[in-house]
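Colleague: Quick one: the structure is below, questions incoming.
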Amino acid sequence: MEHLDHTTEVVLPEQISPMADAAQLGAVRTKLAQQNAERLASTKRYSRRQIVLRRFWRNKTAVVGIIGLVIVLLVAIIGPHLTEWSYLERDRGHYLEGPSAEHLFGTDRRGRDMFAMTLEGLRKSIIIGFAVALIQTGWAALFGSAAAYFGGWVDKAATWFIDLMLVIPSFLMIAIISNRFGAENKGVFIFILLLAGFGWMLTARVVRSLTMSVKNLDYVHAAKFMSVPSGTIIVRHILPNISSLLIIDFTLGVATAVLSETSLSYFGFGIKDPQVSLGSLIGAGQASAITHPWLFLPPAVALVVMLASVNFIGDGLRDALDPSSKSGGGKA
(Lines of atoms letter the chains of each structure in order from A and count residues from 1; the text may use other names and numbers.)
(Lines give C-alpha, C1' and ligand atoms only; values in the text may rest on other atoms or scores of the structure.)
Protein backbone atom coordinates (compact mmCIF):
# COMPACT_ATOMS: atom_id res chain seq x y z
CA MET A 1 0.00 0.00 0.00
CA GLU A 2 1.34 3.40 -0.93
CA HIS A 3 1.33 6.06 1.83
CA LEU A 4 -0.03 9.55 1.42
CA ASP A 5 2.44 12.30 0.61
CA HIS A 6 3.94 13.80 3.78
CA THR A 7 2.78 17.25 2.71
CA THR A 8 -0.87 16.20 2.93
CA GLU A 9 -2.53 17.87 5.89
CA VAL A 10 -4.47 15.33 7.95
CA VAL A 11 -7.41 16.68 9.90
CA LEU A 12 -8.09 14.84 13.14
CA PRO A 13 -11.43 14.94 14.98
CA GLU A 14 -9.67 16.37 18.07
CA GLN A 15 -8.80 19.47 16.03
CA ILE A 16 -12.46 20.37 15.67
CA SER A 17 -13.50 23.00 18.20
CA PRO A 18 -16.65 22.22 20.21
CA MET A 19 -17.86 25.76 19.48
CA ALA A 20 -17.37 25.43 15.71
CA ASP A 21 -20.34 26.45 13.65
CA ALA A 22 -22.13 24.21 11.14
CA ALA A 23 -20.18 25.58 8.16
CA GLN A 24 -16.84 24.77 9.75
CA LEU A 25 -18.01 21.26 10.70
CA GLY A 26 -19.20 20.69 7.14
CA ALA A 27 -15.84 21.78 5.72
CA VAL A 28 -13.99 19.46 8.10
CA ARG A 29 -16.22 16.51 7.19
CA THR A 30 -15.62 17.20 3.50
CA LYS A 31 -11.87 17.27 4.02
CA LEU A 32 -11.98 14.01 6.00
CA ALA A 33 -13.97 12.38 3.21
CA GLN A 34 -11.42 13.55 0.64
CA GLN A 35 -8.57 12.13 2.73
CA ASN A 36 -10.33 8.76 3.03
CA ALA A 37 -10.93 8.73 -0.73
CA GLU A 38 -7.23 9.43 -1.32
CA ARG A 39 -6.27 6.55 0.98
CA LEU A 40 -8.57 4.16 -0.90
CA ALA A 41 -7.29 5.36 -4.25
CA SER A 42 -3.69 4.89 -3.15
CA THR A 43 -4.37 1.27 -2.16
CA LYS A 44 -3.23 -1.01 -4.99
CA ARG A 45 -5.80 -3.70 -5.63
CA TYR A 46 -5.05 -6.95 -7.44
CA SER A 47 -7.34 -9.25 -9.36
CA ARG A 48 -7.26 -12.97 -8.66
CA ARG A 49 -5.27 -13.55 -11.83
CA GLN A 50 -2.65 -11.02 -10.76
CA ILE A 51 -2.41 -12.59 -7.31
CA VAL A 52 -1.94 -16.05 -8.82
CA LEU A 53 0.76 -14.78 -11.19
CA ARG A 54 2.58 -12.97 -8.35
CA ARG A 55 2.54 -16.10 -6.20
CA PHE A 56 3.72 -18.21 -9.14
CA TRP A 57 6.64 -15.95 -10.09
CA ARG A 58 7.74 -15.74 -6.46
CA ASN A 59 8.13 -19.52 -6.46
CA LYS A 60 11.78 -20.00 -7.43
CA THR A 61 11.29 -23.68 -8.24
CA ALA A 62 8.47 -22.84 -10.64
CA VAL A 63 10.62 -20.21 -12.35
CA VAL A 64 13.38 -22.80 -12.78
CA GLY A 65 10.77 -25.10 -14.32
CA ILE A 66 9.66 -22.40 -16.76
CA ILE A 67 13.25 -21.72 -17.80
CA GLY A 68 13.94 -25.44 -18.21
CA LEU A 69 10.81 -26.04 -20.29
CA VAL A 70 11.53 -23.04 -22.52
CA ILE A 71 15.04 -24.35 -23.15
CA VAL A 72 13.69 -27.83 -23.94
CA LEU A 73 11.12 -26.42 -26.38
CA LEU A 74 13.68 -24.18 -28.08
CA VAL A 75 16.10 -27.07 -28.46
CA ALA A 76 13.36 -29.27 -29.92
CA ILE A 77 12.31 -26.56 -32.40
CA ILE A 78 15.65 -25.01 -33.36
CA GLY A 79 17.91 -28.02 -32.86
CA PRO A 80 17.13 -29.84 -36.15
CA HIS A 81 18.32 -26.75 -38.04
CA LEU A 82 21.72 -26.94 -36.32
CA THR A 83 22.70 -30.29 -37.81
CA GLU A 84 22.97 -31.48 -41.39
CA TRP A 85 21.98 -35.00 -40.44
CA SER A 86 18.47 -36.44 -40.38
CA TYR A 87 17.55 -38.92 -37.69
CA LEU A 88 16.89 -41.49 -40.46
CA GLU A 89 20.11 -40.81 -42.35
CA ARG A 90 23.10 -43.14 -41.95
CA ASP A 91 26.77 -42.25 -42.06
CA ARG A 92 28.27 -45.46 -43.42
CA GLY A 93 31.79 -44.34 -42.58
CA HIS A 94 31.12 -43.84 -38.87
CA TYR A 95 29.49 -46.71 -37.00
CA LEU A 96 29.24 -46.57 -33.22
CA GLU A 97 31.67 -43.67 -32.86
CA GLY A 98 31.84 -41.22 -29.97
CA PRO A 99 31.11 -37.48 -30.06
CA SER A 100 33.02 -35.52 -32.68
CA ALA A 101 32.81 -32.25 -34.60
CA GLU A 102 30.76 -33.96 -37.29
CA HIS A 103 28.51 -35.88 -34.90
CA LEU A 104 28.07 -33.93 -31.66
CA PHE A 105 26.57 -36.86 -29.73
CA GLY A 106 28.28 -39.61 -31.70
CA THR A 107 26.61 -42.31 -33.81
CA ASP A 108 24.79 -45.55 -33.05
CA ARG A 109 25.39 -49.04 -34.41
CA ARG A 110 23.64 -48.16 -37.66
CA GLY A 111 25.63 -44.98 -38.21
CA ARG A 112 22.73 -42.68 -37.32
CA ASP A 113 23.50 -39.32 -35.74
CA MET A 114 22.62 -39.41 -32.02
CA PHE A 115 22.17 -35.63 -31.86
CA ALA A 116 19.52 -35.72 -34.59
CA MET A 117 17.88 -38.79 -33.02
CA THR A 118 17.77 -37.20 -29.56
CA LEU A 119 16.17 -34.05 -30.98
CA GLU A 120 13.58 -36.10 -32.87
CA GLY A 121 12.89 -38.22 -29.79
CA LEU A 122 12.49 -35.09 -27.68
CA ARG A 123 10.12 -33.55 -30.22
CA LYS A 124 8.06 -36.74 -30.43
CA SER A 125 7.83 -37.08 -26.64
CA ILE A 126 6.76 -33.42 -26.28
CA ILE A 127 4.02 -33.85 -28.89
CA ILE A 128 2.77 -37.04 -27.25
CA GLY A 129 2.86 -35.54 -23.75
CA PHE A 130 0.94 -32.37 -24.57
CA ALA A 131 -1.54 -34.12 -26.88
CA VAL A 132 -2.36 -36.82 -24.33
CA ALA A 133 -2.71 -34.30 -21.48
CA LEU A 134 -5.01 -32.07 -23.55
CA ILE A 135 -7.27 -34.94 -24.66
CA GLN A 136 -7.55 -36.67 -21.31
CA THR A 137 -8.07 -33.47 -19.30
CA GLY A 138 -10.73 -32.19 -21.71
CA TRP A 139 -12.58 -35.50 -21.77
CA ALA A 140 -12.38 -35.92 -17.98
CA ALA A 141 -13.76 -32.40 -17.48
CA LEU A 142 -16.75 -32.98 -19.77
CA PHE A 143 -17.46 -36.52 -18.56
CA GLY A 144 -17.18 -35.81 -14.84
CA SER A 145 -19.12 -32.53 -14.92
CA ALA A 146 -21.91 -33.97 -17.07
CA ALA A 147 -22.29 -36.99 -14.77
CA ALA A 148 -22.63 -34.81 -11.68
CA TYR A 149 -24.82 -32.18 -13.35
CA PHE A 150 -27.47 -34.57 -14.68
CA GLY A 151 -27.32 -36.94 -11.71
CA GLY A 152 -29.68 -39.90 -11.41
CA TRP A 153 -29.06 -42.87 -13.68
CA VAL A 154 -26.60 -40.84 -15.76
CA ASP A 155 -24.37 -40.33 -12.73
CA LYS A 156 -24.67 -43.99 -11.70
CA ALA A 157 -23.79 -45.24 -15.18
CA ALA A 158 -20.86 -42.82 -15.45
CA THR A 159 -19.53 -43.82 -12.03
CA TRP A 160 -19.82 -47.49 -12.94
CA PHE A 161 -17.93 -46.90 -16.19
CA ILE A 162 -15.15 -45.02 -14.38
CA ASP A 163 -14.78 -47.85 -11.87
CA LEU A 164 -14.69 -50.38 -14.71
CA MET A 165 -11.95 -48.47 -16.54
CA LEU A 166 -9.90 -48.22 -13.35
CA VAL A 167 -9.75 -52.00 -12.86
CA ILE A 168 -8.60 -52.66 -16.44
CA PRO A 169 -4.80 -53.22 -16.60
CA SER A 170 -4.05 -50.19 -18.75
CA PHE A 171 -0.35 -50.91 -19.33
CA LEU A 172 -1.13 -54.39 -20.64
CA MET A 173 -4.02 -53.22 -22.82
CA ILE A 174 -1.99 -50.40 -24.39
CA ALA A 175 0.91 -52.77 -25.02
CA ILE A 176 -1.33 -55.31 -26.76
CA ILE A 177 -3.28 -52.82 -28.89
CA SER A 178 -0.36 -50.56 -29.87
CA ASN A 179 1.66 -53.59 -30.94
CA ARG A 180 -0.81 -54.17 -33.77
CA PHE A 181 -0.01 -50.85 -35.43
CA GLY A 182 3.08 -49.97 -37.41
CA ALA A 183 5.63 -47.22 -37.02
CA GLU A 184 3.94 -44.72 -39.35
CA ASN A 185 2.28 -41.52 -38.12
CA LYS A 186 -1.05 -43.33 -37.83
CA GLY A 187 0.52 -45.61 -35.22
CA VAL A 188 1.69 -42.58 -33.21
CA PHE A 189 -1.81 -41.09 -33.35
CA ILE A 190 -3.36 -44.35 -32.14
CA PHE A 191 -0.78 -44.50 -29.36
CA ILE A 192 -1.77 -41.00 -28.22
CA LEU A 193 -5.45 -41.98 -28.14
CA LEU A 194 -4.64 -45.11 -26.14
CA LEU A 195 -2.66 -43.21 -23.51
CA ALA A 196 -5.41 -40.60 -23.20
CA GLY A 197 -8.14 -43.25 -23.17
CA PHE A 198 -6.67 -44.97 -20.12
CA GLY A 199 -5.57 -41.88 -18.19
CA TRP A 200 -8.65 -39.71 -17.59
CA MET A 201 -10.58 -41.60 -14.90
CA LEU A 202 -9.11 -40.18 -11.69
CA THR A 203 -9.47 -36.61 -12.94
CA ALA A 204 -13.08 -37.30 -13.92
CA ARG A 205 -13.80 -38.49 -10.38
CA VAL A 206 -12.43 -35.28 -8.88
CA VAL A 207 -14.30 -33.13 -11.42
CA ARG A 208 -17.52 -34.98 -10.59
CA SER A 209 -17.08 -34.29 -6.86
CA LEU A 210 -16.41 -30.59 -7.42
CA THR A 211 -19.34 -30.26 -9.82
CA MET A 212 -21.66 -31.68 -7.14
CA SER A 213 -20.96 -28.56 -5.08
CA VAL A 214 -20.82 -26.02 -7.90
CA LYS A 215 -24.15 -27.06 -9.46
CA ASN A 216 -25.99 -26.00 -6.28
CA LEU A 217 -24.77 -22.40 -6.44
CA ASP A 218 -27.32 -19.64 -7.00
CA TYR A 219 -26.13 -18.53 -10.42
CA VAL A 220 -26.39 -22.10 -11.74
CA HIS A 221 -29.99 -22.33 -10.48
CA ALA A 222 -30.68 -18.95 -12.08
CA ALA A 223 -29.32 -20.18 -15.41
CA LYS A 224 -31.57 -23.26 -15.21
CA PHE A 225 -34.56 -21.05 -14.40
CA MET A 226 -33.80 -18.98 -17.50
CA SER A 227 -33.84 -22.19 -19.60
CA VAL A 228 -30.17 -21.97 -20.51
CA PRO A 229 -29.14 -25.23 -22.27
CA SER A 230 -27.41 -27.76 -20.03
CA GLY A 231 -24.32 -27.85 -22.22
CA THR A 232 -23.95 -24.09 -21.98
CA ILE A 233 -24.29 -24.18 -18.20
CA ILE A 234 -21.60 -26.86 -17.92
CA VAL A 235 -19.14 -25.14 -20.26
CA ARG A 236 -19.72 -21.50 -19.29
CA HIS A 237 -20.66 -21.68 -15.61
CA ILE A 238 -19.42 -24.92 -14.04
CA LEU A 239 -16.09 -25.69 -15.72
CA PRO A 240 -14.67 -22.15 -15.23
CA ASN A 241 -15.27 -22.62 -11.51
CA ILE A 242 -13.00 -25.66 -11.43
CA SER A 243 -10.46 -24.36 -13.94
CA SER A 244 -7.71 -24.30 -11.30
CA LEU A 245 -7.89 -28.07 -10.96
CA LEU A 246 -7.93 -28.55 -14.73
CA ILE A 247 -4.86 -26.35 -15.26
CA ILE A 248 -2.88 -28.24 -12.65
CA ASP A 249 -4.08 -31.60 -13.95
CA PHE A 250 -3.10 -30.70 -17.51
CA THR A 251 0.39 -29.64 -16.47
CA LEU A 252 1.08 -32.74 -14.40
CA GLY A 253 -0.64 -34.85 -17.07
CA VAL A 254 2.07 -33.86 -19.55
CA ALA A 255 4.75 -35.35 -17.31
CA THR A 256 2.67 -38.47 -16.65
CA ALA A 257 2.03 -39.02 -20.35
CA VAL A 258 5.71 -38.61 -21.24
CA LEU A 259 6.67 -41.05 -18.49
CA SER A 260 4.05 -43.57 -19.67
CA GLU A 261 5.24 -43.27 -23.26
CA THR A 262 8.84 -43.70 -22.13
CA SER A 263 8.00 -46.83 -20.13
CA LEU A 264 6.08 -48.45 -22.98
CA SER A 265 8.66 -47.52 -25.61
CA TYR A 266 11.45 -48.77 -23.35
CA PHE A 267 9.89 -52.24 -23.44
CA GLY A 268 9.20 -52.02 -27.18
CA PHE A 269 5.44 -51.44 -26.99
CA GLY A 270 5.29 -47.74 -27.82
CA ILE A 271 7.05 -45.84 -30.60
CA LYS A 272 8.57 -48.31 -33.04
CA ASP A 273 11.58 -48.14 -35.35
CA PRO A 274 12.29 -46.18 -37.52
CA GLN A 275 10.32 -43.64 -35.45
CA VAL A 276 12.12 -42.67 -32.26
CA SER A 277 11.19 -41.22 -28.89
CA LEU A 278 13.18 -40.64 -25.73
CA GLY A 279 11.87 -43.92 -24.34
CA SER A 280 12.90 -45.97 -27.36
CA LEU A 281 16.35 -44.35 -27.42
CA ILE A 282 16.88 -45.03 -23.72
CA GLY A 283 15.73 -48.62 -24.19
CA ALA A 284 18.13 -49.11 -27.11
CA GLY A 285 21.08 -47.51 -25.33
CA GLN A 286 20.73 -48.86 -21.79
CA ALA A 287 22.63 -52.07 -22.58
CA SER A 288 25.64 -49.98 -23.64
CA ALA A 289 25.33 -47.28 -20.98
CA ILE A 290 28.78 -48.13 -19.54
CA THR A 291 30.75 -48.97 -22.67
CA HIS A 292 29.12 -46.45 -25.03
CA PRO A 293 27.52 -43.77 -22.79
CA TRP A 294 26.72 -41.43 -25.69
CA LEU A 295 23.96 -43.83 -26.74
CA PHE A 296 22.22 -43.52 -23.36
CA LEU A 297 23.08 -40.21 -21.69
CA PRO A 298 21.69 -37.64 -24.21
CA PRO A 299 18.10 -38.99 -24.27
CA ALA A 300 18.21 -39.75 -20.54
CA VAL A 301 19.33 -36.22 -19.64
CA ALA A 302 16.73 -34.71 -22.00
CA LEU A 303 14.00 -36.80 -20.36
CA VAL A 304 15.04 -35.85 -16.82
CA VAL A 305 15.21 -32.13 -17.64
CA MET A 306 11.80 -32.16 -19.33
CA LEU A 307 10.04 -34.15 -16.59
CA ALA A 308 11.62 -32.08 -13.80
CA SER A 309 10.67 -28.80 -15.51
CA VAL A 310 7.05 -29.81 -16.06
CA ASN A 311 6.69 -31.10 -12.50
CA PHE A 312 8.21 -27.90 -11.08
CA ILE A 313 5.69 -25.86 -13.07
CA GLY A 314 2.82 -28.07 -11.92
CA ASP A 315 3.83 -27.75 -8.27
CA GLY A 316 4.19 -23.98 -8.68
CA LEU A 317 0.72 -23.68 -10.20
CA ARG A 318 -0.76 -25.76 -7.40
CA ASP A 319 0.84 -23.53 -4.78
CA ALA A 320 -0.21 -20.34 -6.59
CA LEU A 321 -3.81 -21.42 -7.13
CA ASP A 322 -4.25 -22.74 -3.57
CA PRO A 323 -4.89 -19.78 -1.22
CA SER A 324 -3.98 -21.89 1.84
CA SER A 325 -0.61 -22.94 0.42
CA LYS A 326 2.43 -21.71 2.31
CA SER A 327 5.11 -23.21 0.07
CA GLY A 328 6.89 -21.18 -2.51
CA GLY A 329 4.31 -18.54 -3.14
CA GLY A 330 4.38 -16.39 -0.10
CA LYS A 331 1.94 -13.56 0.36
CA ALA A 332 0.68 -11.74 -2.65
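Quick reminder: no glycine exception, Cβ is built from N, Cα and C everywhere.
Whatever TrEMBL says is automated annotation, not expert-curated.
The transmembrane segment annotation in TrEMBL covers 62-82, 126-151, 157-176, 188-207, 246-269, 294-314. Annotated domain 'ABC transmembrane type-1' per TrEMBL: 122-314, in sequence order.
So that I understand the layout, could you describe where these features sit and how close they are to other parts?
Modeller: Counting residues 6+ beyond its ends, the transmembrane segment (62-82) has Cβ neighbours under 8 Å at 56, 115-116, 119-120, 122-123, 126, 302, 305-306, 308-313, 315-317, 319-320, 328 in the same chain.
If you look at the transmembrane segment (294-314), the same-chain residues 6 or more away from its ends with a CB under 8 A from one of its CBs are 61-62, 64-69, 71-72, 98-99, 105-106, 108, 114-115, 117-118, 121-122, 125-126, 129, 248, 251-252, 254-255, 258-259, 262, 278-279, 281-282, 284-286, 288.
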